[in-house]
């Protein structure tokens, strides 16, 4: 196993991590500030991808497709917050899970009704397609570098929003004591809608970006949602920084585990059985990571409360 | 708290009147249902009831919809109005498929079941159904467990045994002169069968063999391994969305080794989503729209006219399944199980694949073709470029004792 391969895999892990971060950021904000478990976050990811595929199909422009993904997901997010989610804040988590699970079904079948059952086509724009040669002779897809860059920029933007703006102060205050900031005259309903729309837009952006290299199909959001939950549990609920570190950890563990565990087992098993056992263990790796983190820090890496 | 107490008595009062209404309604419904049953019983007397359990929602719905549409096209074309098809969605979940099968056998009293797409669902449903004396005709899944020792006189597979297309891919890769192949499949029974099937017929060496996660969407890590492995070709079995993701990422990675795979990642339903990335890829299938026989030509044309899209191999399998049932119904009543079984075994129908016959384990013996992905106008589709395996059965048939 050469150094080049290892560096390429590290890049893959980081790229997977930053895309998970886009999903997890919204989820952790919504959970941290509003105390809401939103299972329908994966549907917003799917909505973003479908909006992008539809717009890219109609106009041929990837930039417009990304804009559409952001806008449609944000609008969808704001709409479901105002019509459904708003009624759930005071309810038990089980009610929230049931209601947002219903939203998954509604969005999945609604999307099928609009777009049909077959996967849609969304491709990488020509300007970003193909591999580039990095220093050291590594051939790496340009689009994946673009994904890393976008993810880092969004992370930076979120940090600035939360640490440096008035809305950010309100969000942080809402996380700590929502009655108090309502008493101080902040329109908490508008703040919640805003946070939900931001989270939804980020999920939609992730869906559109990833949709270009994956399959745009109904149900594409749910597997990512599970990983995003793992990320926020590791990072600590409500913490953007935690979501970022957690996402990178999960991305790297998942990618590197898939490569190195089978290799490790090959040292003392015959190759066929080693790949099978290794890949079975690799698919558990992130959950093992999560349990280890929870043993060490029960509130997650950067979590304030359990 | 106070609100609840005040609302309590009101709620009780209203629920009493509501109960009365419900009872009245129930009585009416019961009477109507009884009347309907009396009327229905006379006309339903000679009807054949077919239960179709297939995947119509979720990520795998495209396959089930194609099977259903192909099946219903054949039923419609037969002009018979004494066949009643009950269609239910299994949501790609084994537990739901089992519940539906129980319901169809016990309360709907169907004679024949069909429709299941996925091998894990097939394993959950088929043994129970055939044990109750019903017929099951598989339009897609062909798990090895049901082809060997687990074969059953009432179970017919109209599509293929799971290993078949992979064996054909191995045979094609050998004939194409590949000597060092990198192979990958998801880590689940059908994925393991796939790699086993490929290795059974591939005579070259393996540059690498990996199992990916089921439902995995990112293949960057695997593609990096392929690049580093020094392979001269790649074989993959990644059905549905997994294949779309793999092919798009593979095309973008700059690795340009030839790719071979079974038809499942190149069927008509998903090719448009893969786009240019699939062009030129060779895949193996027992059916293609350019197989030259009148039945197939008529099928492709009428499917397109009816549904406004090109049929996939799944649609052809649904169509063949329905025509097989129709051919057997022409010879025997389902109630005469032995005669009906013989009629099915004879497979005396015009298949879209040309000649069609069953092996001793009631799985097809058929020719499997190598196809290449091409672009016809704006539409991506497949073209047959040669025969991968001729009159191919399966290795499990010898274990089947019927």
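Note: Cβ is positioned from N, Cα and C throughout, glycine not excepted.
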Where TrEMBL places transmembrane segment among the ranges A:66-85, A:166-185: A:66-85
Annotated stretches the transmembrane segment (A:191-213) and the transmembrane segment (A:225-252) touching (3 or more Cβ pairs under 8 Å): no
Interface present between the transmembrane segment (A:66-85) and the transmembrane segment (A:97-122) (three or more C-beta pairs under 8 A): yes
